[in-house]
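S.K.: Below you'll find the structure I mean.
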C-alpha cells in the first residue's frame, strides 16, 4: 500500500487506535467533569440563574454534538449526489479559474488520489463511485469537512462573546452600586440636592421638548455617560413608586443584577432563527457582492438604534418628571410598556441577542477563512474590506458591553411589569411551587 494512501482501521496499528481513543475520551471526560463542578459551584453560591445559563450551554453542546454526528453520517451519501456543472457554477464565493467545473474537479481530484482527501476527515468515505464527465458532487468531502469546522467555531465564538459582554457589562453596572448605597442612606429631602446633574438637566428641558434635538442628544449620549446618577435616581424612584412603594429602601441595584443573570441564559444560546440567519448569509456569499463587508454594518446600525432608543426613553421620563416638579407637584417616572417598540420591552433583548450573534458570526467567519484558506483567499477579499470589518466588530463588542447592555438592564425596568429577578431565588421558587399547587 502506498505511503501517501490513507488506511482504514483494518490496516491501522492497534496501539495507535488505543492512544487516540484514550486521548479523546480523557479530554471529553475532563470537559464534562469541569462543567459539572462549575455547576455545583454556582449552586453552592446560590447563583441559580447562572446555573441555568450553564445548563443552556450544555444543551448547545449537545446540539453541536448531534450536528457533528449527522454530518459525519451523511457525508458519504451527500458526496455521491452529482449535479450538472452548469448548476454548480452559479453563485460561487470565488470565480472559477476554468470555464468547466467538472474538468477542474477531475483535474484536482483524479480517481487514484481522491481517497487522500479522507485524511482530513473523522470518517473515511467510499470513493468507488465518481461523478461522470460534466457533473460534480453536490458537496465535496473537503467542503463538508470545512463546513463542519465552521459550525463548531461559530458556536464557540458566540458563547465567548456573550460571556465577555455579560462580564464587562456587569462590571459597568456594579459601578452604580455606590449610587445605590448613597441614595438609600440619604434622606429623600437631600437626595436631589446632592446630584449636580439634576440642575443641568433642568436647564436643558426646553431643548429636549424638540423631537429632533431630543433624539440627537439621545444618540450622542450613549457614547459618554450613558447613565448618570440623575438618570439612576429618576428610574429607581419610578420603579419603586410603581412596584414596591411600601419599601422605599428597596435594593434596586441588586434587583438589576439578578435580572442580568436571568437574561444571560437567554442570550447564550443559539435560537432557530439565528441558524436561519447563518444559512441566509451563507447563501449570499457570492463573488463580487461583498456580502460580509456590508453585513458588518448591520450590528453597528442596530446597536446605535437600540442605544438611542433607550437613551430617548430616559430623556422622556426625565422630561415628564421635571415638567411635573416645575408645577410644584411631587412626581416620579411612570413605568409603562408604551415607552418601548410595539409595547414589548423584550424586543430589546432579542435585538441585543441578534447583534451579539451576528457580530460573533462576522468574527468567526473571518478567522475560519483565515485558518482554512489563508489570508489571501478570494473569500477574504481585499485588505480595504477586511480592516473596516474587524474595526466594526471590536466597536460593536465594546459599545454593547459598556453602554448598550447597561442601558438595557436599567431602562427595561420601566416596563409595566417587573421582571423575573424581582424576588430572591428561594422566594421565587416558593412562589412557583405555591402557584402550581393552586
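Sequential numbering from 1, following the chain as shown.
Just so you know, glycine gets a Cβ as well, placed from its N, Cα and C.
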S.K.: Quick one: sort out which of 235-253, 292-310 is the transmembrane segment according to TrEMBL.
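M.R.: Matching range for transmembrane segment: 292-310.
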S.K.: Looking at the ranges 43-60, 61-78, which is given as transmembrane segment in TrEMBL?
M.R.: 61-78
S.K.: For the record in TrEMBL, which of the ranges 12-31, 92-111 is the transmembrane segment one?
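M.R.: Residues 12-31 are the ones TrEMBL records as transmembrane segment.
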S.K.: According to TrEMBL, which of these ranges is transmembrane segment: 267-286, 327-346?
M.R.: 267-286
S.K.: Can you check which of 125-146, 147-168 TrEMBL lists as transmembrane segment?
M.R.: 147-168
S.K.: Mark yes when the transmembrane segment (12-31) and the transmembrane segment (147-168) have three or more Cβ pairs under 8 Å (sequence separation 6 or more) and no when they do not.
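M.R.: No, these stretches are not in contact.
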